[in-house]
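Notes follow the structure.
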């Protein structure tokens, strides 16, 4: 694995903006409101012909008593304790730490406590004085931070001042013996990509991912389609459906902060793990609510990031609450994924809370309500007890394989003859549609084009029959599929 460096500091000192700048992406949500980041996020800092290294963005540490940092998390409760735990785990994983401070606010007592705490870890520490907008301000704004006893560097994450120098200083903190790192495929699997997402009126996606979205140096990434690339699974669902609990249960870690408070997760967070020699990445996302219920700007950014994450995953895991049943928002999310032909499966979580006598009726109700997208797998699970969790990853891997299916044109046309012979298309306006040939236009998902004499005469039930037949003949049971009908005359011109 790559050597890692952690970004640690108080809330709102600019750690997430700095993280986005260093990895040249818009992964972390940034906002002027303190405490936006909660779960730690990881990315890769790359440079042309330069050694890559990992970087971890941690939540802002804020406690009622400054001494609590020096004494440890005992007695600290709520999100503050979980954020501190996440920061401690990040520091333990890293070879060095960047203590990020605010040059405009100056040295605060809490910064000194954090520095004292980091000194006891024995890790190399670099004090990064952020929000210093030019070289003329460096001496004035950084002078008092030298008292901390660590090397000091002034930067501006927002305007890019000294960021190349910062990268160089961070590389100097890396141990010489860790030169190899991991391969490109594994490295890319730990970075969340950025992709555009369509917006539906019932789902709030406005506002963008972060204020730094248009900054110079920010680039977009895409998920890898190669079969050997680690499987990426995106968790999606309403707030408090148990997405983070499922990630923790599936990976056997406490990687995600979990609480009964809806909206605990804000960023879309990658959690990589290995099982049976194979690598996987779960992307935990913020809960998606209806537009009318979103009043917080940070939540708007979080929802937008959640929906974008589905376009960057191989398979999306839509998590529902077994106790609450399917809500109108759940239905809208299912319809949205189905319309976009997103590979997904539905996980009905919290089955341990459903009385034993009511479980079968509850399962039947879920199946009936999801009858309109029969190809989508439906699993009843429990993050708390582990019920049916072992079925999730193998089924997701199967969906990914089905999405990559490529069928030769000759085989397709032989299948088309068999399907049409078995069931002729109905006569429409005194004319029976005539099929010429079929081809596969693309995969991801499988897309088939059938050329006929008049595409307008193909009715919806017969189109559904064609799709079901293709699924049966070629083993595409759960992946989304597109079937297009094109008009073609003797001159092979398309309408």
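For all residues, glycine too, the Cβ spot is worked out from N, Cα and C.
Annotated features, as they stand in Swiss-Prot:
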DOMAIN    3-178  domain 'EngA-type G 1'
BINDING   9-16, 57-61, 130-133  GTP 1 binding site
REGION    190-227  region 'Disordered'
COMPBIAS  213-227  compositional bias 'Acidic residues'
DOMAIN    231-404  domain 'EngA-type G 2'
BINDING   237-244, 284-288, 349-352  GTP 2 binding site
DOMAIN    405-489  domain 'KH-like'
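Here the domain 'EngA-type G 1' (3-178) returns a mean pLDDT of 80 for the predicted model. When secondary structure is read from DSSP and collapsed to three states, residue 15 (GTP 1 binding site) falls in the helix class. Classification of residue 351 (GTP 2 binding site) by DSSP places it within a helix. Other Cβ atoms within 10 Å of the Cβ of residue 15 (GTP 1 binding site) number 29 in total over all chains. Of the recorded residues, residue 243 (GTP 2 binding site) and residue 9 (GTP 1 binding site) place their C-alpha atoms 27 Å from one another.
The binding-site residues recorded for this entry are 237, 240, 285, 351, and the Cα of 285 lies nearest to that of residue 58 (GTP 1 binding site).
With respect to residue 351 (GTP 2 binding site), the closest of these binding-site residues in Cα terms is 61, chosen from 9, 15, 61. Each of the binding-site residues 61, 132, 351 was ranked by the number of other C-beta atoms within 10 Å, and first place falls to 132.
For residue 15 (GTP 1 binding site), the nearest neighbour among the listed binding-site residues (237, 240, 285), judged by C-alpha distance, is 285. Counting residues per DSSP class in helix, strand and coil order gives 32 helix, 23 strand, 30 coil for the domain 'KH-like' (405-489).
In the three-state DSSP scheme, residue 243 (GTP 2 binding site) falls into the helix class.
Rounded to the nearest whole angstrom, the C-alpha distance between residue 9 (GTP 1 binding site) and residue 285 (GTP 2 binding site) is 23.
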